[in-house]
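Worksheet: one structure, shown below.
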């Protein structure tokens with residue numbers, strides 16, 4: 001007999017049996033007597049698959065309804081799980097009363113939302129928006145600077161932001177309880193899972209501070225719970241509950257992706273489950289193609305269109321709130337900056353097209369590429385030619401200004417200043433540094449840091465120089481004759497003598513270079529953001545000015561740019577010198593934790609480390625699950641008769657297989673990432689391994705209880721207290 005209150009399962013919990021005895025789920029004793037007296041074929045108690053049923057287009061019969069109308073959730077265990085979870089997360093929530101680890105970043109970003117100040121982060125904005133909202137609603141005024149870990153909060157109301165994260169972190173054990181209960185129909189399995197998450201020290205720590213992790217995992221578990229609940233509604237297509245869980249799945253998918261790009265792994269899990277579900281529907285010959293298309297369109301709406309709309313809405317709100325200039329300006333294009341109140345480009349006017357005689361600033365398009373910059377300081381002896389330094393500088397400065405000149409320095413300046421000639425794709429120019437009057441120059445000396453590149457310097461006096469000062473303007477994606485537009489054109493400068501291209505390497509120069517960014521001339525001509533520049537400031541009194549308002553990018557343009565910047569930012573998070581970089585193989589074995597706060601005996605110390613018993617048990621259960629499934633598959637392939645455990649095998653492989661797949665999808669991709677990794681990146685995968693542990697342990701326990709059903713019984717009957725099956729006859733209809 002399978003099912004909890006009439007649903008398919010390999011076990012039956014006592015609590016569910018009690019409910020069955022009180023309310024027999026549309027199956028009265030009269031019906032059972034009638035079935036027994038006629039010796040008819042026993043009614044199937046399993047939940048039919050899509051191929052076993054007819055009319056999955058919403059016309060359910062009474063027989064179908066009996067499998068889903070009697071859902072039973074043990075409220076006492078669930079409420080106990082929720083209460084314990086809240087207590088463990090909120091205990092000493094305000095300690096320590098100073099900034100811990102990444103609270104420096106995410107608390108500060110919450111403040112930026114309250115102050116409407118634009119910033120840049122490598123993650124999508126939802127998590128920081130929610131942190132800022134929680135702080136605002138609990139009286140935080142956004143004035144705490146969040147400079148570094150250890151800074152005292154003093155009178156600032158930080159508890160609201162921590163409390164919000166703790167609430168979402170407290171939802172993880174109840175969500176996991178419901179997921180495992182839904183998949184295994186076993187209250188013991190669900191309780192084991194919830195206990196692992198409630199009492200794991202790592203999850204408690206992550207839930208008590210202003211971090212994105214509890215918010216991310218809340219949406220991940222919300223999506224998984226909604227997905228398995230939706231799968232359970234298979235026999236009620238297009239009912240209100242079917243639509244509810246489908247749409248909730250989509251909402252949680254957009255939420256997980258809106259917090260971190262790790263949400264993509266969750267989307268992949270739901271996508272695989274949905275594809276398999278649709279494949280089974282396609283194989284149901286009782287389902288018309290019209291009805292199949294209804295299922296397909298419904299899933300496309302709920303799992304693609306709705307999440308995409310909500311995800312886009314998150315960014316729309318993000319851009320509306322953060323409308324003031326801030327520390328994130330320099331990471332974005334000049335056109336993007338023109339929409340920010342307080343930025344020098346906001347509501348500014350300047351000539352639209354570049355011309356000879358213009359004074360400009362050039363901004364590199366790589367993340368934090370900075371402005372083309374020079375100053376009176378020279379390269380030190382032994383570093384290329386002993387000429388004037390040219391760098392990239394992240395801040396706006398008078399030394400960022402360059403005068404655009406014609407290639408022939410012998411021309412009388414007054415003659416060409418009297419007429420205006422636009423610069424077009426393919427034209428040759430000189431760039432004279434406005435402050436020092438030296439020309440942008442390159443030659444056959446290696447760059448100071450990037451040895452395969454050539455050095456870029458400032459050379460000449462009062463604009464006079466040599467042929468190594470000539471650069472060809474190339475508009476990316478343009479053709480000969482196209483004018484160079486302010487803000488909008490991506491420009492490359494090709495050195496005429498050597499054929500290399502002006503390049504910002506992103507490497508920081510030593511103290512002799514004032515720790516500014518190295519600028520080189522790269523012999524590799526492939527178009528990259530490092531070799532692309534745009535004109536930001538532009539002064540030319542002989543050209544008409546236009547308002548930059550007409551050049552402001554559209555919402556879709558800034559949405560695309562923000563994603564490009566975030567992706568580049570993620571890929572650029574490389575380990576620094578002497579910085580400990582956690583390895584993915586470290587995580588499942590709990591090899592090393594992460595220091596949140598404090599380094600000596602006089603400080604309040606917080607260290608993120610999982611409970612070793614729980615983590616090693618999870619690792620053991622992962623291996624055990626693989627062995628169990630492998631043995632089942634081999635036995636079935638050899639034609640073995642598994643008897644009473646056959647349905648248990650199906651539950652193990654389907655429900656457990658979903659959890660195992662979730663663990664793989666949230667863990668294995670980190671082996672392919674080149675960015676810096678930390679221990680906390682494993683915790684979403686740990687959710688799935690913890691659920692699988694409860695699943696496997698309960699399965700083994702219940703298999704042991706009912707193993708006589710698999711291999712035969714002897715001795716007293718079940719009603720005898722000395723029987724091996726005494727106490728296991730939970731339903732009167734079980735005739736052993």
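A Cβ is built for glycine as well, from the same backbone N, Cα and C atoms used for every other residue.
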Per TrEMBL, the range holding transmembrane segment, considering 256-277, 278-299, 300-321: 300-321
Distal contacts, the transmembrane segment (300-321) - CB-CB under 8 A, six or more residues away: 113, 116, 124-126, 129, 243, 246-247, 249-251, 253-255, 257-258, 267, 270-271, 274, 555, 558-559, 562
In the predicted model, what is the mean pLDDT computed over the domain 'MIR' (420-476)? 94
Sequence-remote partners of the transmembrane segment (240-255) [C-beta within less than 8 Å, at least six residues beyond its ends]: 126, 218-220, 222-223, 226-227, 229-230, 232-233, 263, 266-267, 270, 298-299, 302-304, 306-308, 310-311, 314
Structural state census, the domain 'MIR' (420-476) (DSSP three-state): 3 helix, 29 strand, 25 coil
In the same chain, which residue numbers or ranges, 6 or more beyond the ends of the transmembrane segment (210-228), come under 8 angstroms Cβ to Cβ? 101-103, 106-107, 110, 123, 126-128, 130-131, 158, 161-162, 165-166, 168-169, 171-172, 175-176, 178-179, 182-183, 245-246, 248-249, 251-253, 255-256, 258-260, 262-263, 266, 269-270, 273, 658, 662, 666, 680, 683-684, 687
